[in-house]
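**Q** Okay, so TrEMBL annotates it like this:
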type: ACT_SITE; residues: B:K203; note: active site, proton donor
type: BINDING; residues: B:L10, B:G11, B:C12, B:G13, B:V14, B:V15, B:G16, B:T17; note: NADP(+) binding site
type: BINDING; residues: B:K103; note: NADPH binding site
type: BINDING; residues: B:E188; note: L-homoserine binding site
type: DOMAIN; residues: B:352-430; note: domain 'ACT'
There are 2 protein chains.
Amino acid sequence: MPDKLKIALLGCGVVGTQVARLLTEQADDLASRVGTPLELVGIAVRDLSVEREGVDPALLTTDAEALVAGADVVVEVMGGIEPPRALILRAIEHGASVVTANKALLAQDGPTLYAAADAAGVDLYFEAAVAGAIPIVRPVRESLAGDTVRRVLGIVNGTTNYVLDRMATDGLDLDQAVKEAQALGYAEADPTADVEGFDAAAKAAILASLAFHTRVSIDDVQREGITSLTADDVAWAAGTGHVIKLLAIAERNTGDDGTEGIQVRVHPALVPADHPLAGVRGAFNAVFIEAEAAGELMFYGRGAGGAPTASAVLGDVVSVARHRVLGGRGPVESSYADLPVLPAEAARTRYQVRLEVADQPGVLAQVAAVLAEHGVSIEAVRQTPAPDEHVARLLITTHAASERALAGTVEAIAGLDVVRAVVSVLRVEGA
Amino acid sequence: MPDKLKIALLGCGVVGTQVARLLTEQADDLASRVGTPLELVGIAVRDLSVEREGVDPALLTTDAEALVAGADVVVEVMGGIEPPRALILRAIEHGASVVTANKALLAQDGPTLYAAADAAGVDLYFEAAVAGAIPIVRPVRESLAGDTVRRVLGIVNGTTNYVLDRMATDGLDLDQAVKEAQALGYAEADPTADVEGFDAAAKAAILASLAFHTRVSIDDVQREGITSLTADDVAWAAGTGHVIKLLAIAERNTGDDGTEGIQVRVHPALVPADHPLAGVRGAFNAVFIEAEAAGELMFYGRGAGGAPTASAVLGDVVSVARHRVLGGRGPVESSYADLPVLPAEAARTRYQVRLEVADQPGVLAQVAAVLAEHGVSIEAVRQTPAPDEHVARLLITTHAASERALAGTVEAIAGLDVVRAVVSVLRVEGA
C-alpha cells in the first residue's frame, strides 16, 4: 500500500479552488476513506499573480507538464480543449489516474482519452462533467448496467433553466431574464454556450454514450437554443398546463427504414406541469431516465457552482485513489452496442403549433385538411380571440408525428391565405 | 479471463423471477458489459411444485447449500434473516461474490457479513436493499465519498406513501387507504412492517451507516408509524401548506452535552408543499440528501416491485462480475467515523401542535406562557372556530425545539384547565 497518493490539480478557478479547499479541509476523512493520505502536490495555473483565496501560493506552478508527470492522480478542471487534452494524455502516459470535469473535451474527443486510459490500465473518471454535483455518470454506467435504458430527458443547463423559470414565474422576457442571470453570476457575459444549447449538447452526447453503449459526439446532437422563445410562448405554455424547459434528450428510436438506433437532441420543449421535471426550479438540474426494468428514475441537484462541482470531482478522486490502493479499475468505455445515430427528421414527438388566422368560418377546416394531407393527427384544437377583431388565435396539439412530416405541414399551413402567422412550433415531451 | 461466470439465485418470488428473466433475456448485453457470459446455474427455492412463469424448471433446486458452493456470484432475494444469513456466509466462504436485496438482514447484522466478505476478498453489494430501483447505495458510498453528508430525508416505503397520498388527494381515512393498497398489491395482508415503520427503519439504518461512516443497526432507529394519523390530520396539513410523509431521517446532530453524533429516526412529518419530497406521489420513493459541498440532491424512482428491484440487483451483478473479470473490488464497509448515535430526546425539529381549547379570552396567553416556561419558541399561532361554539381550535407552530422540551411542554399544556384536548403533535421537516 502506498504511504500517500500525490494529487495534481490543473486549473484553479471557481471549481479548482473548491477542490483544493476540500482536499485540505477534509484530509483526515479522505485518508480514512481511501486508506492512505491524499497530498495535493501542486496546482497548475496560467497566471501566478492572481489572488486565490484560501489556496497556498506555494502550490501554484505554471509548469503543468512537469506537475502531471509526477502525480498519481491528475484532476483537470481547466476547461477547454487544449491544453487539457494534451495534459490528460500526458498524465495517462505517465501512469496517473485522471479525474476531469471537462464536458466539451469528452463530447468532442472522449474515445481518444478512454482508449489511452484503457491501454495504460488507469482510470478516467468524469462525474462532474454532467450535471455538476448530481451523481449521474456513475448511476448510468454502473447502477443501470443490468438494465436497458429507453430514454433520457435532462435539464442539464442551470443558466437556461433559471432564465426560463424567471420568464414563467414573473413574466420577464428573455433579455431581462438573461441580464438577471448575468447579474447573479449564473450566466456568462457572453451567454452563447448556454442559451444556444452548446453546453447542454455536450452533456447530451456524454449521457447518450453511457446510456446506449454507443459512441456519440457533440456533432451527432441536433441542437436548438432558447433564444427564439418569447414571454408569450411561456405564458401560453402555462395556459395549457405546461412549462417550457430546455431538454437534453437521448432516446432509442426506429428510423424510417426500420433501423433501430438512437437520437440525441437539445431543444426547448413543453413539459406537462405534473411531470417531475416541471418542478425543477431556478438553476437546479435534473435528469429523468426511463429504463425497461427500473421504470422512471430522476436525479436532482445543483448542476454547477464551485463547491457542488468539487463534490463530484472529489467523489471520483476517492474512487480512483481506492483503486490505486486496493487494486482494480473502474468501468472502461462501453461502446459495444454501436447503435446508429438516426437523422433528426426521424424524431417523433407531439407538437403544439400556434397560429394567427383570419377570424372567419372555415379556417379550422382548411388547417385541419392540411394536417390530414401530411398524415399528422390532431389531438386538440383551441381557438381564442386576438386583440385585433379580424384575427383569431389557433392552438393545435398534434399526436406524435415525425419532425419531417411536421416541417412539411407547417410550411403548407403558412402558405394558406387565411393564415396570418405561424407564431410558434414547440415540441411536447414527457407526456 | 474466465470463460463464463456462474450465477446462483436464492429465491424465486416477485424479484427472483424478474432477475432470472433479465439474466436470460439480456444475456448478450450483459456478456458484452461484463466481458464474459453470465450463466444462471440454479435457483434455490423452498417448494419445487410452485408454478413460476417464465422460469426454466430445470434450474430449480431445494439444495441451496450445494448451489452456493459452486457459484461465482450468489444473488440473494429470499428475504428474512435465516437461511439467507447462513447461505450468504457460506457463499463468501466459498469465494463467491454476493449481491443481496435483504434490508432486514443488513440492518440487523450487516457488519458480520461485511467483515466476512472483506476477509475473503469478495464483494458484497446491496443496491436493491434501499429504495428498490433508485440508485442510492452507490451514490452515497461512492459519489459522495469526497463530501460530508449533513442529512438524509427519505421516502423509502412505497406502501405508506401510497396510503398517505390517497388520504391527501381523496380524503380517505387510514383504514380505507390501507385496504385499497392491499387490493392493488402495494400492501401485504398484514401491513404491520410498512405502516409501523419497520421496513423504513431498516433502510434508515443502512443509509445512515453509509452516509456517516458509522455502524447503525435497526435497534438504533427511533421509530413511529403512520397508524395514529387521521384524515383530519392530513386535511389540516394541506390547510397549512404541507403534506404528511413518512420520513426516514438520518442527520448529524449535537447532543445536550455538546457531543457530535448522529440521529436516525422514522416518523410521519409535515413537509412543506414546495419541498421536492412533497411531490413524490403514489408508491414512488425518493431520497433527499443535504451535503456540505454538493448542497441538495434528490434521487427518485420506484422503491419496490419485481422488475425495478431486479434492475438494481442486475446492476450490482454486473459490477461484481466485472471485478471478477478485471480484478479489483468494490468499496468495503466504512465505519471509521464511529459517531455516537444520540438519544431520541435530543432531536431538534419544528412542531405543529393542534389543540382544542375553551373559546374564552386569555386562553392563548396561558398556552403561550407554558411554551415560554419550557423554552419553546412560537413561530405562528392560528385560532379557528370549532363546530361546538364553546370550543376553539388552536394550531401552534414552534421554532426548532428538542423533543425533550416539546414533550414536557405538551404534557403541561394538556394539564391546563382551558385545554380540552391535544389533538395532534406533528414534526415539521425539510423547511
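In case you wondered, yes, glycine gets a Cβ from its N, Cα and C as well.
TrEMBL: automatically predicted annotations, no manual curation.
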**Q** Does B:G16 (NADP(+) binding site) have same-chain partners at least 6 apart in sequence with Cβ under 8 Å from its own Cβ, and which are they?
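**A** The answer is B:L9, B:L10, B:I43, B:V77, B:M78.
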**Q** Run through B:G11, B:C12, B:G13, B:T17, B:E188, B:K203 for me and report the recorded positions whose CA is within 10 Å of the CA of the residue listed as 'NADPH binding site', in sequence order.
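**A** Of B:G11, B:C12, B:G13, B:T17, B:E188, B:K203, within range: B:K203.
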**Q** Can you check which residue among the recorded positions B:K103, B:K203 has the largest number of Cβ atoms within 10 Å of its own?
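**A** Counting every other Cβ within 10 Å of each candidate, the maximum falls on B:K203.
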**Q** For the binding-site residues B:L10, B:C12, which one has the sparsest Cβ surroundings, going by other Cβ atoms within 10 Å?
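**A** Taking B:L10, B:C12 as the binding-site residues, the minimal 10 Å Cβ count falls on B:C12.
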**Q** Which chain neighbours of the NADP(+) site, leaving out B:L10, B:G11, B:C12, B:G13, B:V14, B:V15, B:G16, B:T17, have a Cβ atom within 8 Å of the mean position of the site's Cβ atoms?
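**A** So the additional residues around the site are B:L9, B:Q18, B:V19, B:A20, B:I43, B:V77, B:M78, B:G306.
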**Q** Please work out the number of neighbouring Cβ atoms within 10 Å of the Cβ of B:G13 (NADP(+) binding site), leaving out its own Cβ.
**A** 14
**Q** Including all protein chains displayed, how many Cβ atoms other than that of B:T17 (NADP(+) binding site) lie within 10 Å of its Cβ?
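**A** 21, counting other Cβ atoms within 10 Å of B:T17 (NADP(+) binding site).
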**Q** Counting other Cβ atoms within 10 Å of each residue's Cβ, which of the binding-site residues B:V14, B:V15 comes out lowest?
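**A** It is B:V14 that, of the binding-site residues B:V14, B:V15, has the fewest other Cβ atoms within 10 Å.
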**Q** Give me the Cα-Cα distance between B:T17 (NADP(+) binding site) and B:E188 (L-homoserine binding site), rounded to a whole Å.
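**A** Pair distance, Cα basis, whole Å: 19 Å.
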**Q** Since the record lists B:G11, B:E188 as binding-site residues, which of them has the fewest other Cβ atoms within 10 Å of its Cβ?
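**A** Each of the binding-site residues B:G11, B:E188 was scored by Cβ atoms within 10 Å; lowest is B:E188.
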**Q** Take the C-alpha atoms of the residue listed as 'L-homoserine binding site' and B:G13 (NADP(+) binding site) and report the distance between them in angstrom, rounded.
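**A** Cα-Cα distance, the residue listed as 'L-homoserine binding site' to B:G13 (NADP(+) binding site): 14 Å.
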**Q** Do me a favour and check the Cα-Cα span between B:V15 (NADP(+) binding site) and the residue listed as 'active site, proton donor'; whole Å is fine.
**A** 18
**Q** Average pLDDT across the domain 'ACT' (B:352-430)?
**A** 92
**Q** Would you list the DSSP helix, strand and coil counts for the residues of the domain 'ACT' (B:352-430)?
**A** 23 helix, 35 strand, 21 coil
**Q** With CB distance below 8 Å as the criterion, list the binding-site residues among B:V14, B:V15, B:E188 that sit near chain A.
**A** none
